[in-house]
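Below you'll find the structure, written out as structure tokens, and then a few comments.
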């Protein structure tokens, strides 16, 4: 429901149609819900790709996701010179609409599962009827040995993957699914580079992979680059970007700045990885670390390798060399295995045993051998008929037990924001990353424009940062031993994990103006001249820095202001809850469910923008708005009661309250919903607001003095 099959189908079609050699592209789709609907929709997608892919390449259309291509409100005839284009486009649009009808029919059929469970066409039960207890499933579509397109050309391989799930095993959510895809792709195709995309992020620029390859294959930097990150761009966002879904300041200012240090952080999608970096190896520019072992056979092997690679220097301090035994094993392996082809099968098996690769990568000789091939490709020694069986083996739920998966290699476990953690570990090993911003956005996705979904998305991100802060991977103390993480890069990572804690002072700052108005006292003390100058200088420097960043990055004032507003909204709601949930998880062991955000609107363009799904995350900002509004009314009432002298101090207090309300205005607007369709919860809060205001009004009694009140009360007792 939240990730419709049609959106996934469009992403898959855009990948299959990329401008890249067909034999070098394979698309792996992870279905962690083991839904027969996903499988059947992928069957339909593979069939439609036979028409769609040659059409895209023949006429060089962009984007290559049909839903978004046909929805463009542009002159689609521009730059088209072939007379057959109009006729073929019209026919293709009709074919796509028929494809959509077939997908919608599958969705409609899947709304209610039969009592006996789903059944495949041959009458056998669907293996994934129990999504939490089922075997691993793999199905290969298209490719070299599969169906070709309607013009007889080969299509990229498309692989459906659903990893094994069994009760009692920890599956590690998205990070575990990513690691399963890494292993199964290594067994079947083993490309040296991996593009990671969320199901709703389609390829908007068919040359995006070529853009990434310019860095990953550059002889000057290729040995040091672990991944190339593209900025996230989104469709379907309202024009004013009410909830700062575009994250323009982060993607156009912060990430560009990080690109000048050690590279941008990994943001979970739109990223092309060097597979060797995912395996826990260090960059090629760092010297290899010799392996220490007490066995004579291991020593003689290391000595032999030193002769094979005389250019490698081992002049490091001994205490530094043996600091991390596992890290040394892996680094020594990758640099010394350039001569792997010179070993016979027996020596190769001894090598794998000596390096304890099974303890690191798991019990699969086929997969382990694939990790030794820096340039990718399936090993010649592997029997093609056994590949699917081996692929099923490596996605088993018990495969990762007692291995380094999720600890040192692959996507790292321990946080719901596994992306930050994975990139951080790579940078600690000495890798650098690249930020690539082509003129035409490389990928586009869907954003949760609904207020509640947006806050829950921010809550998940913030909770992940708190989890990292409370873990052994905290940038405050992790990764100092190797000295490979630059100090400014470390500060950037520290910023990504401490920002949820700014919610605590932020709540105080948003509350103080209302307290000042309700108590009649200005809590902020009077500053001396020197302190005032320091405060003013700091304030001006922040403004100047912001202005320079905006001019440098090209970000508009409106985008900056939306970012500021949602920083306050998220800070007093999602970030605050994330801090408490993080400590609750650490102290009481209460785990947090991973919630997938909605990727589709309900009723027309921006229809979901006006929905209000009530959750507890909405309570703190709503309370702050009410308190500040009551404070403003109370302040004006008190000023009217006290006379002219009270108006001067009042304006300073009211300004700060209005400043808080102005930052929370998008939240208030979202809480009100669509015009003439105010949610019931807003009515309830309005009643509460009226009650609080009435009590405050009676308490301050602004327009009646104490003497007048006595006279009025005595008059009431007279019987006229």
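Heads up, the Cβ atoms here are built off N, Cα and C, so glycines get one too.
TrEMBL has this to say about the protein:
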- 32: active site (ACT_SITE)
- 419: active site (ACT_SITE)
- 2, 3, 32, 173: UDP-alpha-D-glucose binding site (BINDING)
- 174, 198: Mn(2+) binding site (BINDING)
- 497-518: transmembrane segment (TRANSMEM)
- 530-548: transmembrane segment (TRANSMEM)
- 568-588: transmembrane segment (TRANSMEM)
- 609-634: transmembrane segment (TRANSMEM)
- 646-668: transmembrane segment (TRANSMEM)
- 680-698: transmembrane segment (TRANSMEM)
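When Cβ-Cβ distances below 8 Å are used as the criterion, the transmembrane segment (530-548) is approached by residues 560 of the same chain, each at least six residues removed from its ends. Sequence-distant neighbours of residue 32 (active site) (same chain, 6+ residues apart, CB-CB distance under 8 A): 162, 163, 174, 177.
Here the transmembrane segment (497-518) has Cβ contacts under 8 Å with residues 420, 462-463, 465-466, 468-469, 474-475, 524, 568, 571-572, 575-576, 578-579, 582, 620, 624, 627-628, 630-632, 634-635, 638, 653-654, 656-657, 659-660, 664, 696 of the same chain, all six or more residues outside its ends. With a 10 A radius on its CB, residue 2 (UDP-alpha-D-glucose binding site) counts 13 other CB atoms from all the protein chains. When other Cβ atoms within 10 Å of the Cβ of residue 174 (Mn(2+) binding site) are tallied across all protein chains shown, the result is 19.
It is 419 that, of the recorded positions 3, 198, 419, has its Cβ surrounded by the most other Cβ atoms within 10 Å.
Cα-Cα distance from residue 173 (UDP-alpha-D-glucose binding site) to residue 198 (Mn(2+) binding site): 14 Å (rounded to the nearest whole number). For the pair formed by residue 2 (UDP-alpha-D-glucose binding site) and residue 419 (active site), distance between Cα atoms is given as 21 Å, rounded to the nearest Å.
Pairwise Cα distances among 2, 3, 32, 173, which the record gives as the binders of UDP-alpha-D-glucose, peak at 16 Å. Each residue contributes its Cα atom, and for residue 3 (UDP-alpha-D-glucose binding site) and residue 198 (Mn(2+) binding site) these two points are 10 Å apart. Geometry remark: residue 419 (active site) versus residue 198 (Mn(2+) binding site), CA distance 12 Å.
Residue 173 (UDP-alpha-D-glucose binding site) is surrounded by 14 other CB atoms, counting those within 10 A of its CB over all protein chains shown.
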